[in-house]
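Peer 1: Here you go, one structure.
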């Protein structure tokens, strides 16, 4: 049952900024550059853009539509429209997925906070060789005290935003920090391009080599498209539940997808020119942010300090907006279904994330001996979320809207109060109909089968 007193976004723009904040977080700025570096640069970028347009955007529309239709937490969304407990299970699974994502986000967020503080106090200037930069990161990540303390500090910042609610917390924060993020990222991209040899980085990003387009690269691009739009983890279902009935969902999803894409590309334009300028490898993997980039900043006299501070400030903002969006589905569930106050629900959620996140953080040190399927706890958490739970969440949303609810009644609901838009842009209906009902589920099923084999 819908709660007439339930919080909503104050404005459509506020919702867009909040959703963009979720979409352009660690998925776009931390993960996208190193995934692009590992998968052939421009060839991967082309596939990524196609996956965003043909699968990511339709699933984004589907999740926000489902959330707004029911205006409750994800389990209730799936139960109300699916009409049985099996569908409710998938809704609950999306909440758990968001929670698990927030746990490994919190670990990375702790690292970012620590490196931001290091940058402010000019400690990065001592990382003059690759071995020193690697040793510094390894020592920090293996220290139980430092890594958990940093994780707690990052979670406390996110708690302060979440506890004040949708309008006063998430929306207000997003309106302030997202323009700052874009400005800082643009400055860094311009700076990177202007470095000696910087255009080699752009060439790596935008030159397309068809021989590098493989099924593995395609599947990786599809997974990144999901991850960078915060799909399959309950976030967009929850954010959609706070959306007004008057807002046009497809036209609202366009800027979310567009800005998410722009941030990913700008992040690459900021990072790869500096990497190539320093004659370093673009395939450094997840360590790119914490080992390669500090080494680059240390090699820049004077300006390296400013660029380093701005870079980790950018990551901190992106991390916070990602973290709050991943934690919000569980908070929403506890408020809607367990009738907890917003404050208590936020305390409970933050506590769970702290405990699980701390265990994941310790997998680099005290718990490094614990492995499953050849992966430590932290990397296993990332693998399960990105390769299994997130695609499964997206698939369940597509099947719920496209088949169980029915694509025609769903699109009729989507057109309510926005008839003129769909009359002008007649291609939107058939595009959404066939992508949500057929293309997206088939594509996601292929990803899941490939990941499980």
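Every residue, even glycine, has its Cβ placed from backbone N, Cα and C.
Features from TrEMBL:
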TRANSMEM  12-32  transmembrane segment
TRANSMEM  44-66  transmembrane segment
TRANSMEM  87-117  transmembrane segment
TRANSMEM  144-164  transmembrane segment
TRANSMEM  176-193  transmembrane segment
TRANSMEM  213-232  transmembrane segment
TRANSMEM  253-276  transmembrane segment
TRANSMEM  296-318  transmembrane segment
TRANSMEM  344-368  transmembrane segment
TRANSMEM  380-403  transmembrane segment
TRANSMEM  424-449  transmembrane segment
Peer 1: State the residues, same chain only, that lie 6 or more residues beyond the ends of the transmembrane segment (213-232) and have a CB under 8 A from a CB inside it; answer 'none' if no residue qualifies.
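Peer 2: Those are 19, 22-25, 27-28, 31-32, 35, 39-40, 43-44, 46-48, 50-52, 55-56, 59-60, 63, 94, 97, 256-257, 260, 264, 322, 325-326, 386-387, 389-395, 397, 443-444, 446-447, 450-451, in sequence order.
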Peer 1: Counting only residues 6 or more past its boundaries, what in the same chain has a CB within less than 8 Å of a CB in the transmembrane segment (380-403)?
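Peer 2: 58-59, 62-63, 65-66, 78, 81-82, 87, 90-91, 93-94, 96-97, 100-101, 103-104, 223, 226-227, 231-234, 237, 360, 371-373, 410, 436-438, 440-441, 444-445, 447-448, 451-452.
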Peer 1: Are there three or more C-beta pairs under 8 angstroms joining the transmembrane segment (344-368) and the transmembrane segment (144-164), sequence spacing 6 or more?
Peer 2: yes
Peer 1: May I ask for the residues of the chain that lie six or more residues beyond the transmembrane segment (296-318) and have a Cβ under 8 Å from a Cβ within it?
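Peer 2: Contacts with the transmembrane segment (296-318): 24-26, 28-30, 109, 112-113, 115-116, 118-120, 122, 124-128, 133, 177-178, 180-181, 184-185, 187-188, 191, 270, 274-275, 277-278, 280, 289.
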Peer 1: Sequence gap of 6 or more, Cβ distance under 8 Å, 3 or more pairs: do the transmembrane segment (12-32) and the transmembrane segment (424-449) meet that?
Peer 2: no
Peer 1: Out of 44-66, 87-117, 253-276, 344-368, which stretch touches the transmembrane segment (424-449) the most, going by CB pairs under 8 Å?
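Peer 2: Top-ranked stretch among 44-66, 87-117, 253-276, 344-368: 44-66.
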Peer 1: Go through 87-117, 253-276, 344-368 and flag the stretch with the largest number of C-beta pairs under 8 Å relative to the transmembrane segment (44-66).
Peer 2: 253-276
